[in-house]
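Written out below as structure tokens is the structure these notes cover.
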Amino acid sequence: MKIRQLYRLPPDKQQDLNYLIRLEWWNLAFRISIVAILGTVLGNSQAMKVAWLEDMLSLIPPIAFLLAVRFRKRPPNETYPYGYQRATIIAFLCTATALSAMGLFLLGDSLLKLAQQEHPSIGAITLFGETIWMGWLMVGVLIYSVIPPVIIGRLQIKAAAKVHEKTVFADGKMSKADWMTGLAAIVGVLGVGAGFWWADAVAAAIIALDVTRDGIINLKEAIGDLLDRRPHFTSQEEPEYMEEALEAELCAMPWVAAASVRLREEGPIFSGEAFVTPHSNDDLARHLKDASRHLNNYDWRIYEVVVTAWPNEEHSLSPANANPP
Amino acid sequence: MMQSRDSFTQFVFQPSILIVFAVLALAGCRYPVNIERPMTDMQGSELNIGLSENPPWVINTDQGPAGLEVEIIRALAENMDATINWHWDSEGNLLAALSHYQLDLVIGGLTQDSNVSALATPTRAYYQSQYRVGVPEGTSLPSNLEDVEVAVPVVNHIAQALKKEGAIPHPTSDLGKHNEAVANPSWWLKAYGYQVGDWEIATDHHVMALPKGENAWMLAVQRHLNSYPDIEQRLQRLEAGQ
């Protein structure tokens, strides 16, 4: 049985990944603190409840990433000859499903509250012997709840793009946009204080919509990966066009007459097959192995490209094969 | 993607922020405000208070309502220059009336439970009744409650908790008349001169019920409750006076 080698990041990328892992630990710590503090001032506000549940759900991506990174270090073996690179995507799919389902549920719940014209009660709290309106405390806590995610979100996006960690990249984008849901909750709470009973439920519905939207975006990303979509780079909506680059590399080799390549994403890295038509069969096996090694070292994100020899007529047209022999 | 986010921000959030700040400026120091009945309408006017009998919290006497919660609400109304219209009814009817904004407040020895919060907003607990086991003056407290027969009111919610402590609850209609251990709130035990043991059998969190969303009113009631002194002594005096 042919078992894959363990994928190793280049040293500089490994450093970037270690930084990202540290960042995710910080992210997790801040998010736990936010969930804990928000939980103490929930009151009767629907917007607060939804914001709180959103923050609770946002614990899942960093936990999933940190677990997956550990799991991924396992070398491929007899049972899993392709390795564990896709562990991240399994975690990502679970997160995305939870986000979408919870978002829809909260949206329905908020709209129901709106339809029932429920008047939210935001009571009083006694702090240091002074009885104050709880809404002020909620606003304070909500302001705290948006600051760390916005800062960490920016750092996450940069760090995740360096090591092509799509799950963290998507999480960072969500965190960066998190201030808007926090602000919506603040507007809801202050609106209730100003006597508008609907402000709370409307704010809650807006946050729930945002949660659903995040869930669906992540779901698309996870499904794309599981369906072996052609590689996209984290920070771009467009495909990476690495296939064409690899075909050009192959066609530049003197023994190659034509070449075509297909790639798929396996979590943060790419794998695939190259189909090559040689000018002659001389030394073919060695040529194929060298070509494979060359392609595997072409870019750090490439894990394994298998090169096989094909007769000419089987090639599809590709820019690199503009001049077939 | 970012483009649509930005325009979303511009069209939805920026106006709503402006509205909130405008409202805050208008509301000034009167923040929060009630959703249904403005505080200005309550001040110096009439308060509709629902009450159901539950001594010593609410007592129906020939001279009108009495009891701890009645005293508390009378003091609150006095501070607000308001007069009180009392409405006697069952707890269920009163809470339903509260949910339709027919009343301003309901009292009747209510405790924190889901019945109250389904139809109304309870205040935070202004007093906690600790259920303890006590023995008559001159008798010594048992070292533990294992197999000790403890008298409880016929209608009670502590029999189960007592059994957990190993005691044998004994429902008694004329509580305090016999020479035996009794489980009841500490203010009751003290009112009848019992020695009070340390076992915490149960706790009742006493609240009043307000209509949902009347947040300024809630703040005013809560402030009044928090500053109301000597609740335990008042309860003992009321109980002893009965």
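Just so you know, the numbers here start at 1 and follow the chain as drawn.
Every residue gets a Cβ built from N, Cα and C, even glycine.
In TrEMBL, annotation is done automatically, which means it is predicted and not curated.
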Where TrEMBL places transmembrane segment among the ranges A:25-44, A:205-224: A:25-44
Feature contact check the transmembrane segment (A:132-152) with the transmembrane segment (A:25-44), CB under 8 Å, 3 or more pairs: yes
The transmembrane segment (A:132-152) versus listed stretches A:50-69, A:89-112, A:179-199: most Cβ pairs under 8 Å: A:179-199
Same-chain residues at least 6 beyond the ends of the transmembrane segment (A:50-69) whose Cβ lies under 8 Å from its Cβ atoms: 17, 21, 24-25, 27-28, 31-32, 34-35, 38-39, 42, 87-88, 90-92, 94-95, 98-99, 102, 106, 109-110, 142, 145, 149, 165, 167-168, 170-171, 174-175, 178, 181-182, 184-185, 204, 207-208, 210-211, 267
Same-chain residue ranges lying at least 6 outside the transmembrane segment (A:179-199) that approach it to Cβ under 8 Å: 45-48, 50-51, 54, 114, 117-120, 122, 133, 135, 138-139, 142-143, 145-146, 149-150, 206-207, 210-211
